[in-house]
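Residues annotated as disulfide bond in Swiss-Prot, with similarity to another entry given as evidence: 27-135, 48-85, 70-105. If you look up Swiss-Prot, you'll see 62, 96 marked as N-linked glycosylation site. For 1-24, the entry in Swiss-Prot reads signal peptide.
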């Protein structure tokens, strides 16, 4: 019995340390996948890259990063659902981005300036690389 009481604190410590490692590692893997997809997408010579999208980065200054990622996901979904191009990559990017985004947000296209899909992806790539460097 004495050995069991000595093992409990060690096991708890091991469990806590492991959970911190896994959490940080998950962040790295998700960001790595997003950056990899963005690199592939931005190197594409595809007419879809010039499609107009809402400038999700022109949001109010008090918008959170999660809200911005949510709006980016909405625009990506709009492109790959309405246009038959880059579906595999845009769908994968949308799935990975949703893990970093808030669950609900809105894109008011009437008041939002427009950009191209290429510009959206390039800005997103810059943000993700900065985020990865801090992770």
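Glycine is treated like the rest: Cβ placed from N, Cα and C.
Model, not experiment: these values are computed from the prediction.
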**Report entry** Candidate nearest residue 135 (disulfide bond) in space, where candidates are the recorded positions 48, 62, 70, 85, 105 and distance is Cα-Cα
**Finding:** 70
Report task. Among 48, 62, 85, 96, these being the recorded positions, pick the one whose CA is nearest to that of residue 105 (disulfide bond). Result -> 62
Query raised in the report: Name the residues of the same chain, 6+ apart in sequence, whose Cβ is under 8 Å from the Cβ of residue 96 (N-linked glycosylation site)?
Result: 30, 33, 34, 37
**Report entry** Residue from 48, 62, 85 whose C-alpha is spatially nearest that of residue 70 (disulfide bond), among the recorded positions
**Finding:** 62
